[in-house]
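Reading through the structure tokens given below for one structure.
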Amino acid sequence: MENPLDGLVLPGGESTVQGKPLSDLGILEPLREKIQQDLPVLATCDGLILLAENVKNQEKRYLATLPVTVRRNAYGRQLGSFTTAFDFADLGQVPATFIRAPCISEVEDEVEILSKHQGKIIAARYRNQIGLSFHPEVDKSDSIHSYFLKICQTK
């Protein structure tokens, strides 16, 4: 991790598939250090699971830099996927697609809740880290990505 990074996106996918190469290739610890040194990170869906300090019913931790507890598949199976809109931070209404999405079930005091859907926390920020339950990359709006880029530019 010698090359400078302005920011990092941890995409959705399968956290065990993403986490294993991070560990096997020796990237996990250097990446954790960069994040702890304020590298901006946007984590979506299973990327959120990689960042979370705790995941309910899962012992394995990966980066564990975001002080939240996450519950996997809180919004059901693949067939239960859906798109909705909700207020996000100070951006107003943003669209979001949930695909087997986790939710954030607990946050530490220093974590800012950016958004909720049906009473569940779906977006949170801790310093340089943003964790999202949903997939902003599949919607037509770039508002969340622009929000993240502003964080990258101000670091």
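Even glycines carry a Cβ here, placed using N, Cα and C.
No curator has checked TrEMBL annotations; they are predicted automatically.
Listed in TrEMBL:
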type	residues	note
BINDING	Gly13, Glu14, Ser15, Arg72, Ile99, Arg100	L-glutamine binding site
ACT_SITE	Cys45	active site, nucleophile
ACT_SITE	His135	active site, charge relay system
ACT_SITE	Glu137	active site, charge relay system
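Where TrEMBL records a feature, it is marked here on the structure.
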residue : record                           : DSSP class
Gly13   : L-glutamine binding site         : coil
Cys45   : active site, nucleophile         : coil
Arg72   : L-glutamine binding site         : coil
Ile99   : L-glutamine binding site         : coil
His135  : active site, charge relay system : coil
What residues, ordered by sequence, lie under 8 A Cβ-to-Cβ from His135 (active site, charge relay system) and sit at least six positions away in the same chain? Gly12, Thr44, Cys45, Ala96, Thr97, Phe98, Ile99
How long is the line from the C-alpha of Glu137 (active site, charge relay system) to the C-alpha of Gly13 (L-glutamine binding site), rounded to the nearest angstrom? 12
Which of Gly13, Arg100 has the fewest nearby Cβ atoms, counting only those within 10 Å, among these binding-site residues? Gly13
Count the Cβ atoms, other than its own, that fall within 10 Å of the Cβ of the residue listed as 'active site, nucleophile', considering every protein chain shown. 26
Tell me the Cβ neighbour count for Ile99 (L-glutamine binding site), meaning other Cβ atoms within 10 Å of its Cβ, over all protein chains shown. 20
